[in-house]
Amino acid sequence: GKEVVIANAIIAILTIGGQQLFSFFTFSCPCHIGQNLIYGLAFLGAPALILLVVGYALNNQTWRLVTGKRSPLQEEITPNHLLQCKLICFVLCSITGRALVAPVTWLAVTLINGSYYVCAISEYVSEHYYEGNPNATASERRRILAEFPCSQLVPPELSRARDEVILLLRYQSQVAGWLLIAVVVITVFLSYCLASCFSPLSFLHFRYWRSYVHNEQELFDEAADQHSRLYAMQHVRKFFGFVPGSENVKEIRIPSLREWQAISGLAFLKQVDEEHYDYSLLHDWALKESVNGKYLKTDEDP
């Protein structure tokens, strides 16, 4: 849908901006043999992995998929395992597709920029690109190649060789970046085509179904917010003797010390019976305790 496309575009733009700032302020190649590869791959892969995990965590479908699997009600229902596996695979693919937007953008922009790749691979360039001292050992040549990303460490007589190596590595990195973008675009397009081919709905019916699901979710969220507010209002009224926002409040209830202690502290969701839960300590108190206690008239002098 349009919302998904806009959200993905915003994520991609923010990732590109973050990558540029990240490279400018934090990236500095060590230019040391044995360290360039680790440093370059860490900056290339670690942020992409973090963005992938964040993408999973910020998707509501992830928590819908994993929440409530240990409910006793689930054991009473005999599911169609084949259909359930298909549905789980479909939802996982959908979640993964959304989660991959940021890390793929990071990898593509980073490869097109080329700095991380140059740092990581410079010491592994073929030695025929470096025409230095023929008596130098292989380890010495690798050390010199590892220093190529840092121009201030390269002797003047090797400046041309350095420029050739840097151009070669940037070429490889940028080609890899554009290939990654092409593969992702083709994969996404083919995935949508296959999903449309195997869909039991026609084009207009699918648009209607998508609109219905969107509207249902919005209406459900609004109703749930209003329902929970009204339900909580009953418990607050019982504890304080009035509803917030009420006009002309005649009296208020003065809770006792034991009641304050009963609703204070930490509590998990508490199961009352097979079908109901207590959502909070105040909820538990309101269902158990009768309405009594001290009341104070608001027009009286305390």
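Placed from the backbone N, Cα and C atoms, the Cβ positions cover glycine too.
Annotation source TrEMBL lists transmembrane segment at 6-25 (among others). Proximity of distant same-chain residues to the transmembrane segment (6-25), defined by a Cβ-Cβ separation under 8 Å and at least 6 residues beyond the stretch ends, is recorded for 43, 47, 51, 98, 101-102, 105-106, 109-110, 113, 115-116.
TrEMBL lists 37-58 (among others) with the feature transmembrane segment.
Counting same-chain residues at least six beyond the ends of the transmembrane segment (175-201), those with a Cβ under 8 angstroms from any Cβ of the stretch are 93, 97, 100, 104, 107-112, 117, 209. Per TrEMBL, the feature transmembrane segment maps to 175-201 (among others).
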